[in-house]
Amino acid sequence: MKELLLWIARIAQRINLDDLLYRLIQIVLVIVAAKFVLTLSNKLIGRVFRTKQLQGRLEERRSQTMEALLKSVCRYLIYFVAIVTVLQLLNVPVGSVLTTAGIAGVAVAFGAQSLVRDVITGFFILLEDQFQVGDRVTIADVTGKVVEIGLRVTKVRDFGGQLHIIPNGKIERVTNYNDSPMLALVDIPVAYDNNLQQVAAEIQAGLADFNRSHPELVEPATFVGVQALADTAVILRVVARTVPDGQWQVERELRILIAERFRDAGIKLPLSRWT
């Protein structure tokens, strides 16, 4: 115990309080400067991605993805520069530290293969624009909306609200539902004793009004005709092309429209369900 106290006393004698205070002030200034540069860079990046010229070149979701990624890269770069500067102010031999870190890096390289694979895969996901923030996708048996794309992981929120964090290296197959217009499909069963020409006329009349009032349709809703002959019903089909994620709402509204027109026209339905 006595030797420990003597060692602490010797260390204290070597400390120049004026020099220590001066270095502490420098460190505080470095931290404040790093915070200021980080805030300024975030604002500049946000302003660049929100200019009308750039918004014309990039889709909104892709712009959000690239903006978040660039902010992340700048943040880590600023942190690195600030840490190195603080170490230099503390007279820590930064070169030796980096050399030691390099040797240690070689030692753990074999254990970091999955991390490297995640980063490389994430880079190509962004480079090839495979999907964007806001897209509805199926990745690694998870279907939901992309909420974040990073160099290491991708975050997908499913329809139940659960957030799935998927390492990019595990992404081998992606289904992107926002890449093209989606198909809305409604099969309509009607009883055999109906006049099919009357049924077709009712559907087509309803679709004419429906198409005029639904701008989300990429291709108008169309009556295809008889799709199948079931045991208790004639199956008729209506199809339409919608903007991504609009197909379910269009299908629901088509069913309501047709049900109401059939009720008013006295068209009979079988007991089987619609699909």
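Along the chain as shown, the residues are counted starting at 1.
Each Cβ is built from the backbone N, Cα and C atoms, and glycine gets one as well.
What TrEMBL says about this protein:
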| type | residues | note |
| --- | --- | --- |
| TRANSMEM | 20-40 | transmembrane segment |
| TRANSMEM | 68-90 | transmembrane segment |
| DOMAIN | 75-113 | domain 'Mechanosensitive ion channel transmembrane helices 2/3' |
| DOMAIN | 115-178 | domain 'Mechanosensitive ion channel MscS' |
| DOMAIN | 186-268 | domain 'Mechanosensitive ion channel MscS C-terminal' |
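DSSP assignment over the domain 'Mechanosensitive ion channel MscS C-terminal' (186-268) gives 36 helix, 27 strand, 20 coil. With DSSP classes pooled into helix, strand and coil, the tally for the domain 'Mechanosensitive ion channel MscS' (115-178) is 16 helix, 26 strand, 22 coil.
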